[in-house]
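Chemist: Marked as domain 'AFP-like 1' by Swiss-Prot on the basis of sequence analysis: 4-63. The domain 'AFP-like 2' annotation in Swiss-Prot covers 74-133, and the record cites sequence analysis as its basis. If you look up Swiss-Prot, you'll see 65-70 marked as region 'Linker'. If you look up Swiss-Prot, you'll see GLN9, ASN14, THR18, GLN44, GLN79, ASN84, THR88, GLN114 marked as site 'Important for ice-binding', on the strength of similarity to another entry.
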Amino acid sequence: NKASVVANQLIPINTALTLIMMKAEVVTPMGIPAEEIPNLVGMQVNRAVPLGTTLMPDMVKNYEDGTTSPGLKSVVANQLIPINTALTLVMMKAEEVSPKGIPSEEISKLVGMQVNRAVYLDQTLMPDMVKNYE
């Protein structure tokens with residue numbers, strides 16, 4: 001039995017998902033697989049999602065099964081991030097960009113790390129922009 005993504009709180013329509021809004025639970029019927037949680041961060045829901053509701057692919061804008069496979073998405077700034085700011089989840093989103101930056105699977109690892117320069121809205125985070133990122 002694989003876990004699915006379940007709403008950990010009421011998520012209003014058009015809200016960009018953050019890690020604290022989601023949890024992994026084994027539910028029937030299955031929804032979006034729990035291992036997709038890092039890729040869902042920054043994606044918007046297209047309807048209000050009540051607490052405890054299983055997230056289905058059609059509830060998340062631009063979510064298609066398969067397009068969130070690892071390595072496709074990069075971490076992108078969700079806002080202007082001033083120099084020396086410690087990163088938080090709300091500052092980052094996952095997007096398919098070219099050239100590729102830090103993989104979206106790394107978002108949780110980036111939390112608390114500082115940027116060594118100003119990062120603009122929609123700018124791709126590159127490894128050399130984050131202090132002590134390896």
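Keep in mind that glycine also has a Cβ here, set from the backbone N, Cα and C atoms.
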Chemist: Helix, strand, coil residue numbers for the domain 'AFP-like 2' (74-133) per DSSP?
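Modeler: Summed by class, the stretch gives 13 helix, 16 strand, 31 coil.
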Chemist: For the recorded sites ASN14, GLN44, THR88, which Cβ has the most other Cβ atoms within 10 Å, all shown protein chains included?
Modeler: GLN44
Chemist: What is the separation, in Å, between the Cα atoms of GLN79 (site 'Important for ice-binding') and THR18 (site 'Important for ice-binding')?
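Modeler: Just about 14 Å between their Cα atoms.
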Chemist: Round to a whole number and give the Cα-to-Cα distance in Å for the pair ASN84 (site 'Important for ice-binding') and GLN114 (site 'Important for ice-binding').
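Modeler: Computed Cα spacing between ASN84 (site 'Important for ice-binding') and GLN114 (site 'Important for ice-binding') is 5 Å.
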Chemist: Check the recorded sites THR18, GLN79, ASN84 for other C-beta atoms within 10 angstroms of each C-beta and report the one with the most.
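Modeler: That would be THR18, with the most Cβ atoms nearby.
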Chemist: Sequence gap of 6 or more, Cβ distance under 8 Å: name the residues on the same chain that satisfy this around GLN9 (site 'Important for ice-binding'), in order along the sequence.
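Modeler: Listed in sequence order, they are ILE20, MET21, LEU51.
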